[in-house]
Each structure stands twice: as C-alpha cells, then as structure tokens.
Amino acid sequence: MEERPETELISIPATPRGVSTPEIQTPTGQRSPRPMSKDAKSTAWTPTSFISPRFLSPIGTPMKRVLINMKGYLEEVGHLTKLNPQDAWLPITESRNGNAHYAAFHNLNAGVGFQALVLPVAFAFLGWSWGILSLTIAYCWQLYTLWVLVQLHEAVPGKRYNRYVELAQAAFGERLGVWLALFPTVYLSAGTATALILIGGETMKLFFQIVCGPLCTSNPLTTVEWYLVFTSLCIVLSQLPNLNSIAGLSLVGAVTAITYSTMVWVLSVSQQRPPTISYEPLSSPSFSASVFSVLNALGIVAFAFRGHNLVLEIQATMPSTFKHPAHVPMWRGAKVAYFFIAMCLFPVAIGGFWAYGNLMPSGGILNALYAFHSHDIARGLLAIAFLLVVFNCLSSFQIYSMPVFDSFEAGYTSRTNRPCSIWVRSGFRVFYGFISFFIGVALPFLSSLAGLLGGLTLPVTFAYPCFMWVLIKKPTKYSFNWYFNWILGWLGIAFSLAFSIGGVWSMVNSGLKLKFFKPN
C-alpha cells in the first residue's frame, strides 16, 4: 500500500461513522452534500469496487485484513454519489436531514386530503359493489407502484434520482422523459393547488357562517373573496424555504386529515338517514351519459391516490449510505402513512355512501353533512370539522406546490449560476399563488376537476412506475415480472385516456348546467 490506486477518489478523514458525504452551507443555512470534484468519474464505480475477492486472492492475510477493514469503513461512511452543485440551491434537495418520521408526515399529508371527501360522489355513480372493488384495486395497485418508485430512487449505483422527471428521463430518454412526465406532474401540483383553493375558500366561508350564525353582518364576504383570503394564507406559509422545513406543517396536515376524516363519517353515520335515500347508481338520460359519468367516477377514485409525484422528492431529503440506504426509512415511513390513508379513505367512502346514498351532493360528504344535519349536530362540532379541513388544505398546498417552486428556482439558477435571493424566491411563490387563485375562480367545478385530474395524472401513479421498472431494472424477458409490469403499465395508460374523457365530459356538462356559474 505504498502507492494508492489511481481510481481511488477519497481519503479517509477523521469523520464520525455513518456520515454519507461532506457537507457545505446552503443559501438558507441548511446542510447539503458537497458535489464531487470535476476529476471524479461518472461511471458506476464505488469506493469498494476494487476490493473484490479476485483482487484479494494473491495477497497475504495481514494485507487482506487491512483492505477488508477499509472496505467496511468505506461502506459505512458512504458512497460516491454524483451530485449536481445546483441541488444545494433548490428547495427539494437543499436539506438532506430527513428521516422515516418526516417521510410518514409528508406522505400522509400528500395522501389524505379533500379528495377523500368526494369519494362518496364516485360511489353514487358506481354503487356498492363496483365502488368498493374499484377503491380496493386502486389502493393495492398504487401501493405496489409506490414501492417501485422507492426502490428506483437509487437504482443506478452512484446516482440518486431526486425528482420524478429525472427518473423518467433515465428510463425513457431525456426528451421523451420530459414530454411524458413533466406535464402530468406539474399539472398534478398546479391542479391540486387550484382545487385546494376552491375547497379551502368554500370551507372557510361555511366555518364563518357556522361560528357567526345569526349575528353575521348584512354584507359578508363573497365566495371569491374567501378564495382570496385562503390564497393569501397559503402564500404566507409558502415562504418556508425547503421541503424539510415544512415537516411541521406536514405533521399538522396529517393529524388534521385523520381527525376530520374520522369526524365526518362518524357524524354522518350517527345521524338518521334521509327518508328518500337510495343506493342505486344515479341514472343518466342516455347510455353515453351513463358511461361518461362512470368514467368520471373512476377518475375520482384514481385521484384519491395522489402523491406519487412527490415520492422521489421526499426520499431525496434523506441521507444515504451503503449500510443505511435512503429507501429503508422511506419505505418504513410510507408503510405507516398508507396504513392511516386506508383508515381514512375507506370509512369515508363507505360510511358517506351509507349515510346519504345517491343523494350525495357533488361537493362531497362535508357538504352533505352541512346540508342534511346542520341543525342536528352541535355547531361547535361542525365548526371544528370545517376548521380542520382548512388547516389540512393549507398544509397540503405547501407540499404540492414545492415541486413547482423547485422548477421555478431551477430555471433561475441555471441561467444565473447563483442561488435565488429571498426576494426572488418570495416573488416566485407569490406569483404561483395568485395564478392558482385565478384558475380556481375560472374553474369552480370541484368534483369534475377531481375526475379530470385523476384521469390526466393517472399514469404518474399507476403506469409510468411499471414501465420505468422494466426499462431500468431490466427483468428477464417474458418472465412473470416482465409481463406483470408491462400489463399494469398499459392498463394504466388505457384507464388514463378513458377517465380523462369522462372528466372532460363531466366538467363541460357541469359548466352547461351552471351556465358558467359565478360564485356569490
């Protein structure tokens, strides 16, 4: 060991055990891994690749012991991951001190929200059997693709795919990956933000009416003004710099989502059902209208399982070493999160449909609770439920907007070669908040928007992960794994086209019925 091999790129510093890579200070004071030197090679080489049994075979026992100890140390310290210096300036990868608890908070906040409240609307068109069956299949399917994405985060040694688009580029090619993944992921983030403004503003208005009661002034705020109030609160909270910094907000969002989901279905099933209730699927004037209504309902079910566009981003906030790879805490947190997600979605869907049947209004179970039982339930309980929904919408807005903020800042830093100042960062987030507000005012059709969002973004959750697994992992051709992922992927694409058509039809139909309704 007089001379060290030329391929060795690191020395062994006196650093604590378990540290993945040296760190540097980022613009917001967070810690982020330092990029490799320009001389480092970008091949799939690891610090211990030269210490193989074939290399060790001719060496005596003392030298073998030294090299084996070196291999163990290098594996614990970490691996040489090719890092982009720009990542230290961007909101998603600026801080890498996440853990399993953060993963559970973020996944639960992203996975449970207002989409659970409109699930009974889908059951009103599907009925008991098809409603429960479609919800169960969708849950199992998305749980498998979630596992696939977690495993693919570091599928290539020395490379971390920190964003969904990056993984799509690695699987489909740079240009095709952008075309396939950029639109649905950005559309999912922006569309979810728009829907959150709609439900958040309307819920704030109902909360004010419940709390104020007959003492309300003769000139209350209009619905659009409540949208503006909610948007302003979202913009204030969006000034938190990066994904790890909103872990507290995600915890608040997770707790409030579980609480109000439980409250709305328990309050609904504990009250007397309407006398004219029926569990027959809603009929339509024509066969084509019935088909489109069912497709839109299935799109609502698909939209209930959103959040896969954030899986890689959440995992990117965690440190990763050979002995402690990031996929272990990520999957541990995701399993806990999706257990609670199931405990929220299934009772709301089944309990809400049992309580209201096909009388369920298009706004979902919360609107039904207010319409049918506002005089039977204590005002305090109703007010708490509505307030929890507002808190959850405020928290969900932050995590779903973070990829858009990251895209804005990536474009700025790539052009200027410097991090965003606090004023530039704030300007991007104010601009995005008000753009979402204007879109929400122009499209006040919540249930129809949910179906369309579910259809257009379904490949992100149900199709693309299966294709990416085959293209990156390359399972044996014509094996079960190969067939299984190809079939799931193409089924996801077919369902996406069908649900999108149903969502467009439902939104156009709602617009015609409402005659371009303008909120009061």
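Using N, Cα and C of the backbone, Cβ positions are placed for all residues, glycine too.
Residues or ranges marked as region 'Disordered' in TrEMBL: 1-43. What TrEMBL records for 22-31 is compositional bias 'Polar residues'. Feature annotation from TrEMBL assigns domain 'Amino acid transporter transmembrane' to 97-508. Residues or ranges marked as transmembrane segment by TrEMBL: 117-144, 176-199, 246-267, 287-305, 336-357, 377-401, 422-443, 449-471, 483-508.
Segment contact is absent for the transmembrane segment (287-305) and the transmembrane segment (422-443), given fewer than three CB pairs below 8 angstroms at sequence separation of 6 or more. Residues 190, 193-195, 197-198, 201, 224, 227-228, 231-232, 234-235, 238-239, 241, 401, 404-405, 408-409, 412, 449, 507, 519 of the same chain sit 6 or more residues outside the transmembrane segment (422-443) yet have a Cβ under 8 Å from a Cβ within it. Away from its own ends, the transmembrane segment (246-267) comes close to residues 98, 101-102, 104-106, 108-110, 112-113, 116-117, 237, 240, 337, 340, 343-345, 347-348, 351-352, 355, 365-366, 369, 373, 377, 381, 384-385, 388-389, 391-392, 394-396, 398-399, 402 of its chain (Cβ-Cβ under 8 Å, at least six residues beyond either end).
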